[in-house]
Amino acid sequence: MLLLSNLLPLLPFLGQASAATADEWRSRSVYQIMVDRFAPPNGDSGTPCNPDDRKYCGGTWSTLVSKLDYIQGMGYDAVWISPTGLNIEGFTYYGEAYHGYWITDPTKANPHFGSDDDLKALSAALHDRGMYLMVDIAVYALASNTGDISNAALAADNGGALLFKDQADYHPKCNIKWGDHDSEMKCWLATSGVALMDLDQSNSDVGDTLINWAKDYVQEFGIDGFRIDASKHMTQDFQHRMCTTAGVFCVGEVAGDNTAYASRFQGSSAIDSVFGFGLMYGFVQSFTGGHKMTSLENKIKLAAQSYSDPTVIGQFLDNQDLPRFNSLTSDKSLVYNAIVGCFMYGGIPMIYQGLEQELSDGHDDPYNREALWLYNDFSTSTPSYVNIANVNKIRHALNGDDKFLNSVATVQSVRDQDIALVRGSALIVLTNVSHPSADLECG
Ligand SMILES: *[C@@H]1O[C@H](CO)[C@@H](O)[C@H](O)[C@H]1NC(C)=O
């Protein structure tokens, strides 16, 4: 006799074909994972890892599966994982490609992180828990030790691994003139060291190949969302075609403190969402940078004026490229206020691994890529772990109210050191008065 319970384990696999939409993502909160640095091989939290060595430390898609309780225990219902594609092999000018961003072929699995089947098993394990899988994709460029785009060099590069081997697939080498948007899209993010050879997605050879791959990738691996690396360096049109063809929610990295420009990447002829860099800078300035709360207020106002849909913007306090928030202040009460603001303001929190363990050595890359397993052995009782769990709980409860879910907060009142925000029926009060505090003035 065939029991329904025998079929239940198969359901997640059946579910893999359906990618999620912006409406389905809005209520979620996302835990950002650098796969190599998240969960140790063989469950051994003694596995050494020195970020300064810039080498692979052994985290994989399978080791990640063993720590999903840890992530879900904080109330996250989605993960974003570092890129899965094939990378430059060996020790480059800047070390090994442990972070996954030096793509040579996005269509093949990086064997350091596991096999296609391992990635599918991760996807199924997440779906089994009702969690979403967001994958980081880097399709703006291919990485090379030489940066030589002659046909002969491309054929030989990385042992013949490059997905695109024709000079016409690339934009000619040039250094970006920052602020010149055309140059940002066509020139190279790096021309030497590890060269990032900018792809010409308007060449159908490149554009169609990537779009068709993206569609298959989403279907085959059960991907619910893309985080698009270096979104700023590709046209909106290409990204729009890729995301709509793949039928998947996309959030783009349009780095920099320019909300108005970033907002041009969101919308019906662009993509669903971008990261809230502006708001992130607001939190950094008003909680660690000596600015008045009006800095945060200004970013909130800019976001409201600029984004076509502020309710799905990816909110964050730091990431793999930025100083850890805990490295900017030793005052945990300021960090907690920023966490509450980041989760409660609106949009989709996308929070880098390690905030919950209050990692603070990491200023910039590579120091902000510590192996998480070396800190507190995945403790679920550090104050920040507990705070994030609590704020996720509150957020989930309030998400039941449409007025909360489908809005972002507006500023109710602001003083130099505190700000009151309103979102639906929630009143959110944040202060940058340090702890132990000067007397809190009531008035
Ligand atoms: C909080 O805001 C005040 C300005 O009102 C500023 O002087 C102070 O430095 C800020 N604190 C932090 C930690 O940034």
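Even glycines carry a Cβ here, placed using N, Cα and C.
Pulled from TrEMBL, these are the features on record:
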{"type": "SIGNAL", "residues": "1-22", "note": "signal peptide"}
{"type": "DOMAIN", "residues": "32-395", "note": "domain 'Glycosyl hydrolase family 13 catalytic'"}
{"type": "DISULFID", "residues": "C49-C57", "note": "disulfide bond"}
{"type": "DISULFID", "residues": "C174-C187", "note": "disulfide bond"}
{"type": "ACT_SITE", "residues": "D229", "note": "active site, nucleophile"}
{"type": "ACT_SITE", "residues": "E253", "note": "active site, proton donor"}
{"type": "SITE", "residues": "D321", "note": "site 'Transition state stabilizer'"}
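What TrEMBL annotates, mapped onto the structure for a quick look.
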residue	record	DSSP class
C49	disulfide bond	coil
C57	disulfide bond	coil
C174	disulfide bond	coil
C187	disulfide bond	coil
D229	active site, nucleophile	coil
E253	active site, proton donor	coil
D321	site 'Transition state stabilizer'	coil
Determine the mean pLDDT over the domain 'Glycosyl hydrolase family 13 catalytic' (32-395), rounding to the nearest whole number.
97
Looking only at Cβ atoms, how many others are within 10 Å of the one on C57 (disulfide bond)?
24
Of the recorded positions C174, D229, E253, D321, which one sits closest to C57 (disulfide bond) when you measure Cα to Cα?
D321
For D321 (site 'Transition state stabilizer'), write down the residues of its own chain that are at least 6 apart in sequence and whose Cβ falls under 8 Å from its Cβ; none is a fine answer.
A255, D364, D365, N368
Measuring CB to CB from C174 (disulfide bond), give everything in the same chain under 8 Å that is also at least six residues away in sequence.
S183, K186, C187, W188, T191
Measuring Cα to Cα, how far is E253 (active site, proton donor) from the residue listed as 'active site, nucleophile' in Å?
6
Other CB atoms within 10 A, centred on E253 (active site, proton donor):
23
May I ask for the distance between D229 (active site, nucleophile) and C49 (disulfide bond), taken between their Cα atoms and rounded to an integer number of Å?
25
